[in-house]
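See below for the structure under consideration.
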Amino acid sequence: PQGIGSPSVYHAVIVIFLEFFAWGLLTAPTLVVLHETFPKHTFLMNGLIQGVKGLLSFLSAPLIGALSDVWGRKSFLLLTVFFTCAPIPLMKISPWWYFAVISVSGVFAVTFSVVFAYVADITQEHERSMAYGLVSATFAASLVTSPAIGAYLGRVYGDSLVVVLATAIALLDICFILVAVPESLPEKMRPASWGAPISWEQADPFASLKKVGQDSVVLLICITVFLSYLPEAGQYSSFFLYLRQIMGFSSESVAAFIAVLGILSIIAQTIVLSLLMRSIGNKNTILLGLGFQILQLAWYGFGSEPWMMWAAGAVAAMSSITFPAVSALVSRTADADQQGVVQGMITGIRGLCNGLGPALYGFIFYIFHVELNELPMPESPSGGSVTQYHLQQNSIIPGPPFLFGACSVLLALLVALFIPEHTNLNVRPSSWKKHCGSHGHPHSPQAPGEAKEPLLQDTNV
């Protein structure tokens, strides 16, 4: 097979690291170019760009996963990395085209999905959690280091060098996939021709969401995830722009904020989460995480000084324990053959939030007239002109979307109170037994009424 060595998790880890390291380098330059390109309604345009990208990713991820189940992972790794990184060189060529291509690239911005499918091909079921954790930790590590490096290089050598470096790393990633990454899907599972049919049921982005109402506990969990992740997705899309342009953070301060928050989140999701799960239980850990998220969002909403942002960031790291605790609750209470279905519902809801959250935050900023004006200032002592960013708003609340997010998470907390600590989740339709034989052969056809999480499980072709 083409590639270097046998397929391994390390191939997937390198692909993820290089892609997100390249984008992490552009964190500070992107914030500057965004405001220069859209001096009016900056937050609204940012929300629309990220919202379109998120919705397109939600709609296309299952289809690309289904196609990769038939035609192999390597070609789709190449496709997703190429189109995800295609906007990078456009930042200096044409900022308008840069943001336009970013939004449209959401159709292929699903590298994580294909990487998880790649990992599922080459690992045993008991090894998969650790392998997924390694991939996620690599993603976090790339974003801890790269924004700071990009901000430093931009300050010393200019943003053009940062864009060139990010483009070079993206090309290195593409070359690595072409030359070094072997195909993980066995040859016998791939058809001889490219005209082979795919499972359109698996390609339906709403397939997993259709199961939500079949169990009351699943419904409560999914509502909790939706209400808590919607503001989180919106916050990710606009918060660093908010720090840079509204709170007056420098590029280096934003990079340092990302690094500190990432390190604290890793500690919270490993050591602190483990201690809390053992001491206060699964459900109480979820409630505690939601409580920290409410406090963090309210602090962001009312905070008007940089030190308040740093303090709220420490609280934000603690709020990151919510989703791992929810996943653990589901894995403990769902039947073994229902894990993919229930986890798929949660993944689908998070994907939907990735599209709705940024657009919602941008719209709320627009409604509350949170805009930026550049005010000319006297010349600096060194003789250069100084530009000061001034926040225009007709409200006493500096960050209205964050306050809205706090209210949304408060509702999530109230819903989560009704989730039982121990229960058996059942999302099978009543006709399930009619479609499943009593032998349960591992290669028997899947029940027509039972969806499964695409991309996170092996697929029988």
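Glycine too: its Cβ is placed from the backbone N, Cα and C atoms.
Any TrEMBL annotation is an automated prediction that lacks curation.
Keep in mind that what you see is a predicted model, and the values were worked out from it rather than measured.
TrEMBL annotations:
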COMPBIAS  431-442  compositional bias 'Basic residues'
DOMAIN    8-424  domain 'Major facilitator superfamily (MFS) profile'
REGION    431-461  region 'Disordered'
TRANSMEM  12-35  transmembrane segment
TRANSMEM  47-68  transmembrane segment
TRANSMEM  75-91  transmembrane segment
TRANSMEM  97-119  transmembrane segment
TRANSMEM  131-154  transmembrane segment
TRANSMEM  160-181  transmembrane segment
TRANSMEM  217-234  transmembrane segment
TRANSMEM  254-277  transmembrane segment
TRANSMEM  284-302  transmembrane segment
TRANSMEM  308-330  transmembrane segment
TRANSMEM  351-368  transmembrane segment
TRANSMEM  402-419  transmembrane segment
Sort out the residues at least 6 away from either end of the transmembrane segment (160-181), same chain, that have Cβ-Cβ distances under 8 Å to it, and list them.
3-4, 7, 11, 14-15, 18-19, 21-23, 25-26, 28-29, 74, 77-78, 81-82, 85, 88-89, 91-92, 150, 153-154
I'd like to know if the transmembrane segment (12-35) touches the transmembrane segment (217-234) in this structure, counting it as a touch only when three or more C-beta pairs sit under 8 Å and are separated by 6 or more positions.
no
Considering only Cβ pairs under 8 Å, which range in 47-68, 75-91, 131-154, 254-277 makes the most contacts with the transmembrane segment (97-119)?
47-68
Look at every Cβ pair spanning the transmembrane segment (75-91) and the transmembrane segment (254-277), keep those 6 or more apart in sequence, and say whether at least 3 of them are under 8 Å.
no
Tally Cβ pairs under 8 Å between the transmembrane segment (254-277) and each listed stretch (12-35, 131-154, 284-302, 402-419), then give the stretch with the top tally.
131-154
Sequence-remote contacts (6 or more beyond its ends) of the transmembrane segment (12-35), Cβ cut-off under 8 Å?
42, 45-46, 77, 81, 84-85, 88, 91, 95, 98-99, 111-112, 115, 118-119, 134-135, 138-139, 141-143, 145-147, 149-151, 153-154, 159, 162-163, 165-167, 169-170, 172-173, 176-177, 181, 240-241, 244-245, 251, 254-255, 258, 372
Per-region confidence, the domain 'Major facilitator superfamily (MFS) profile' (8-424) (mean pLDDT, whole number):
80
At a C-beta cut-off of under 8 Å, are there same-chain residues at least 6 beyond the transmembrane segment (131-154) that contact it? List them, or none.
9, 12-13, 16-17, 20-29, 112, 115-116, 119, 123, 161-162, 165-166, 251-252, 254-256, 258-259, 262-263, 265-266
